[in-house]
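Colleague: The structure is given below, and queries will be raised subsequently.
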Amino acid sequence: MFIISSKNMLLKAQRLGYAVPAFNIHNLETMQVVVETAAELRSPLILAGTPGTYSYAGTGNVVAIARDLAKIWDLPLAVHLDHHEDLADITRKVQAGIRSVMIDGSHSPFEENVALVKSVVELSHRYDASVEAELGRLGGVEDDLGVDAKDALYTNPEQGREFVARTGIDSLAVVIGTAHGLYAAEPKLGFAALPPISERVDVPLVLHGASKLPDSDIRRAISLGVCKVNVATELKIAFSDALKHYFEENPDANEPRHYMKPAKAAMKDVVRKVIHVCGCEGQL
């Protein structure tokens with residue numbers, strides 16, 4: 001097996017009415033757990049990393065580990081650039097073997113966003129890499145960068161149609177009230193915004209900020225056209241909480257192979273639950 005584009009993966013999800021989970025990876029253990037669980041459940045999978053993740057782990061290391069895991073588990077993997085903004089950085093990573101890109105120009109005016117995204121599409125498609133872009137502005141914190149809720153903007157359906165047509169993107173990240181990070185109160189998603197977008201846009205839709213959303217909200221979003229669901233913070237919390245608990249019980253512990261076991265088990269529970277909610281088990 002090998003590293004693939006996420007394009008056909010998402011088109012199949014769109015056709016059959018489920019969603020592909022994109023789990024943000026942070027270290028070797030995250031990658032091991034996510035891939036192993038997806039393989040056991042025969043689920044399609046996207047491994048996503050922010051610029052901070054690739055800086056921490058090294059793009060070459062991420063690609064090499066993903067290729068090895070794909071071979072071990074006989075699982076095609078999409079390794080994805082999440083919320084990247086710089087064309088030169090994206091170019092280097094695509095040339096290193098990445099085949100799925102999210103270019104985020106959502107903080108820019110519409111015309112600037114279109115121009116940036118179009119340039120990334122032209123570059124990425126030469127390498128058979130798929131491109132996702134965001135229209136609207138998501139609240140919350142990602143990679144230590146924050147957007148206040150008051151500054152978040154929903155995706156405009158008519159602009160969405162124009163954006164997809166002019167840029168040639170393969171999937172569209174929509175903003176309907178989700179946010180990066182965990183929610184201080186139960187979010188109220190704008191589900192009514194999804195049908196007008198789906199009617200005007202023929203590419204798969206992406207939902208960011210799905211950590212700790214009620215399962216019913218995720219399922220409803222999928223029923224209205226969402227084909228990719230991003231989960232990041234929920235994995236980090238499970239991992240870190242399990243580590244904290246282990247050291248509370250074993251304050252003198254110093255063997256990573258021991259204390260990583262409960263941390264990986266906690267993440268595995270999250271991955272299994274998300275795959276079930278997305279309805280993608282057995283869809284390889």
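Each Cβ is built from the backbone N, Cα and C atoms, and glycine gets one as well.
Annotation comment: Swiss-Prot describes Asp82 as active site, proton donor, evidence class similarity to another entry. As annotated by Swiss-Prot, Zn(2+) binding site applies to His83, His180, His208. According to Swiss-Prot, the feature dihydroxyacetone phosphate binding site maps to Gly181, Gly209, Ala210, Ser211, Asn230, Val231, Ala232, Thr233.
So where do these features actually land, and what's packed around them?
Modeller: According to its DSSP assignment, Asp82 (active site, proton donor) is in a strand.
The Cβ of His208 (Zn(2+) binding site) has 28 other Cβ atoms within 10 Å, all protein chains considered. Look at His208 (Zn(2+) binding site): DSSP puts it in coil.
Of all the Cβ atoms in the protein chains shown, 19 others lie within 10 Å of the Cβ of Thr233 (dihydroxyacetone phosphate binding site).
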Colleague: In whole Å, how far does the CA atom of Asp82 (active site, proton donor) lie from that of Val231 (dihydroxyacetone phosphate binding site)?
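Modeller: Here the two Cα atoms are 11 Å apart.
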Colleague: Gly209 (dihydroxyacetone phosphate binding site) to His83 (Zn(2+) binding site): how many Å between their Cα atoms?
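Modeller: Rounded to the nearest whole number, the Cα-Cα distance is 12 Å.
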